[in-house]
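Chemist: Reproduced below are the annotations present in TrEMBL:
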type	residues	note
TRANSMEM	B:12-32	transmembrane segment
TRANSMEM	B:70-96	transmembrane segment
DOMAIN	B:71-283	domain 'ABC transmembrane type-1'
TRANSMEM	B:108-128	transmembrane segment
TRANSMEM	B:205-227	transmembrane segment
TRANSMEM	B:266-287	transmembrane segment
Amino acid sequence: MFRRTFATGAASAAALAALPAAPARAQQRIDINFWYGLGGALGEVVEGQIARFNQSQSRFNVIGAFRGSYVEVMTSAIAAWRAGNPPHIAQVFEVGTATMMGAGPAIRPVHQLFADAGMPLDGSRYLAGVRGYYSDTQGRLVSMPHNSSSAVMWLNLDAFAKAGLSTTDLPKTWAQVRAAAEKLKAANATPVPMTTAWPTWVMFEQMASIHDVPFATLANGFGGLGTELQLTGDFFQKHVNFLLDLQKAGLFRYAGRDSAGDPLFPSGEAAISFNSSAGRARIVREAKFNWASVPLPYHDDVIQAPKNGVIGGASLWPLTARNRSADEYRGMAEFFAFISQAEQDKWWHQQTGYVPITQGGYQAAQAENYYQQNPGADAAIIQLSRAEPTPNSQGFRLGGFVEIRNIIQEELERAFQGQQNAAQALTNANRRGNVVLRNFERANRG
Amino acid sequence: MQRKTIFPQKGLPYLLLAPQLAITAVFFFWPAGQAVWYAFLRQDAFGIRTQFVGFENFADLFADPYYLQAIWTTVFFSVSVTVLSMSVALLLAALADREIRAAGLYRTLLIWPYAIAPAIAAVLWLFLFHPSIGLLGRGLNAMGVAWDYRLNDGQAMLVVILASAWKQVSYNFIFFLAGLQAIPRAVLEAAAIDGARPIRRFWTVVFPLLSPTAFFLLVVNIVYAFFDTFGIIDALTKGGPGKATETLIYRAYLDGRVNLDLGMSAAQSVVLMIMVIGLTIVQFRFIERRVHY
C-alpha cells in the first residue's frame, strides 16, 4: 500500500515537473550564475548590465545574485567551490587577486576561456593600468576587468566658498590640502574638515604608487611569493606622521575601516574626503551641494611629477566545476566579450563612475564630450594614465592582502588613539604583515 | 528509587534512538570531527594544497600575543555581559513580581528584546551611539564628551557589552520572574511575621530559593557571551578599534572566513571546544553542589 502510493506520487510529481519544461525547450537558455558584491546604486547598475546582456542574445541567461560585501562574495564563492557547486562567475575585489591566481584548478583563466570557445581576445583593447593588474607574468589576462576605479579627492565646493577658498584653483599637494583644511576649520564650514574612506588603499597603496615608493619587495609581489613589506620606510613614516598631526590639530577625522568613511562626504559632514571614483553614483544622487573630484594630492618635497595611481575595484573570475559544460564556458566568454564592447563599457563607466576598462569605451565617452559636461569624471582616468607604470606603481599582488589591510588599519587605529607613535605602528604592521605573507608562501608553494 | 525499563531485545531501543543519533552524528560529531582534523592541516584557501602539520597551528596560536589578548578580552566581555544582564534582569523581575497596575503589560514589553536578532540589536545600538548619526552619540559630542567608539577602546567595549547584555536581559527576566512566582507565599509571610524587612527577606529567603534558576542562567549567559555575540560585534565594531573588541569567536571567524586560513581557524575552534567542555565540567561539579534545589 505504502509503496504503491509512493510510486504513484513520484510518477505524478515527475509528470508535473515535465509539463512546463516541454514548451520551454524550444528556446532553452543556458543559465550562467554570477555572484557580485556591489550593493545600492552600483548594484542596480550591475543588474542593468546583466539585463542588457540577456536582451542582446537568446542563448544564455545570466542570473545575477548580490552576495554581500566583496569579502563575503569571495569567501562564499570559495566555500561553494569546495562544496562542488560554485557560481560560473564570481566578482572578486582587487586585493583577492593573488589568492585567486594561486587557485590553479579552481579557475579558468580568461585567455584560456576565450581560446577554448574559439573567440578572439585582444588584450591591448583594455587600458594598460587595468590590464596589468589582472594579467599573469606572460601578460595574458587571467581575470576579466569589470569595475575598476582609482581613489580621488572629493571636495565640497560650497564649504570651500564659505571658508573663502578658491573653487577653481583646487589643492594639488598635501601642503595645500592642509592649508585648506585649516581655513575650513577656522570658518567652521563643515563639522569635519577632512576624512577618508579606505584608509589603507588611499593612504598606503595609492600614496606608495604615486610617490613611486615600494610597498613591498619584488615589485609589490609581482615578482614572486617571497615578497616582504616595506612599510617602515621614510615615506610611510612621513605620511602617517602627517595624518597624526592633522588629527591632533582637529583637521582630520578617522572615520573607520574600509568603506566606513563613505557617508561623511555626501552627507556634507566632511568637506574633503578621499574615496573611490566609483563613489560618484552615490554623490550625484545624495549630495546637496556643489562638489568636485580631482586627482589625489602628493607631497611635493618627495616627488615633483607624481606617478600613476593604482586601480581598485574588482574583476570577474571564471570558476570551474566538475559538471560544467563547454556551452556554459562559452556563455561566460560571451558575457565578458559583451561587457568589453565600447558602447557597453561607456554606458557602465558613465552610470557608475568606474573608469572605462577599454580604450574604446574611453574614446566613445570622449567623442560625446562627456568630460566637458561632467568635469572631474575623468580625474581617475587621468590619474591612472598620467605616467608609465613603474614596478612600484603597477599594482599589488600580495597573498592574504585582506588580512594585511586589516593589520594596517588596526595599527593605525592604535596610533590615532595615541597608544603608539607612527614608527611603532609601522614597525608592528610590517612585522605582522610579513607573517601573513610567509604563511601564504608556505601554503601556496609546492 | 530508579525505575528501569528493560527491553526484551536490543533492536527496538536502537531503532527508536536512531533518528536522534543520526541528527547528532550529522550535525554535531561530523562537523566537530572535521574541525579537529582541519586543525592539524595547513591548506590554501581553496583546499587544493593540503599538508599535515601536526600541532604547528596550535603552537603558532599560543605564540601569538594577540590571541592571548583575545582570551582576556573574551573573559572580561563575558563576565561583564553576564553580571550586567543577570543583575538588571533580577532587579526588573523583582519589581515586576509585585502587585502593580498593568504588571502583565510590563512583563510582555520586557520580553520583546529577546525576539530581536543580534545583528538588528546591534544596528539599534548603532543608531543610538554612532558619533555622527546616533542620537546619544551626537548628544554626548554636543555636551563636550569626545565620544567615538570607533576610535576609543573603552567606549567600543562599553557599547558591545551594553548591546549584548540588553538583548539577554529579557531571557533572564522570564526565568527570574518564573522563579520568583514559584516561591511559596507562606515562606515569605512567615519571614515577614518573624520581622524580616523586604531587603533581608530577599537575600535570606528569595535569593537562595532562586539559586537553581540563577545557576542555570549563569551557564546560559556565559555560553551566550562566548558564542552568540558575534553578530553584535560584527555589526558594531568588527573587533576594533585595534583589537579592542576581538573576542575568541570573532577571531575564529576572521581567520577562517576573512583571512581564509582554515587551519588556524579550526585550531581555534578546537581550543574553544575544550574551553566550553572545561567550563561545563567546572560549573556542574563544583558550583552545582552549593546550589539549593
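In case you wondered, yes, glycine gets a Cβ from its N, Cα and C as well.
Those TrEMBL annotations? Automatic predictions, nothing curated.
Remember, it's a predicted structure, so these values are computed and weren't measured experimentally.
Could you give the neighbours, burial and distances for every feature on this list?
Modeler: Panel annotation: around the transmembrane segment (B:70-96), residues 103, 106-107, 110, 157, 160-162, 164-166, 168-173, 176-177, 179-180, 202, 206, 210, 214, 217-218, 221-222, 224-226, 229, 243-251 of the same chain, lying at least six beyond its termini, place a Cβ under 8 Å from a Cβ of the stretch.
Long-range contacts of the transmembrane segment (B:108-128) within the same chain, counting only residues at least 6 positions beyond its ends with a Cβ under 8 Å from a Cβ of the stretch, are 92, 96, 134-137, 159, 162-164, 166-171, 173-174, 228-236.
Within the chain, the transmembrane segment (B:205-227) has long-range Cβ neighbours (under 8 A, six or more residues past its boundaries) at 74, 77-78, 81-82, 85-86, 89-90, 94, 164, 168, 171-172, 175-176, 178-180, 183, 187-188, 191, 196, 247-249, 272, 275-276, 279-280, 283, 287-288, 291-293.
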Chemist: Under 8 Å between C-beta atoms and at least six residues away from its ends: which parts of the chain pack against the transmembrane segment (B:12-32)?
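Modeler: Contacts with the transmembrane segment (B:12-32): 273.
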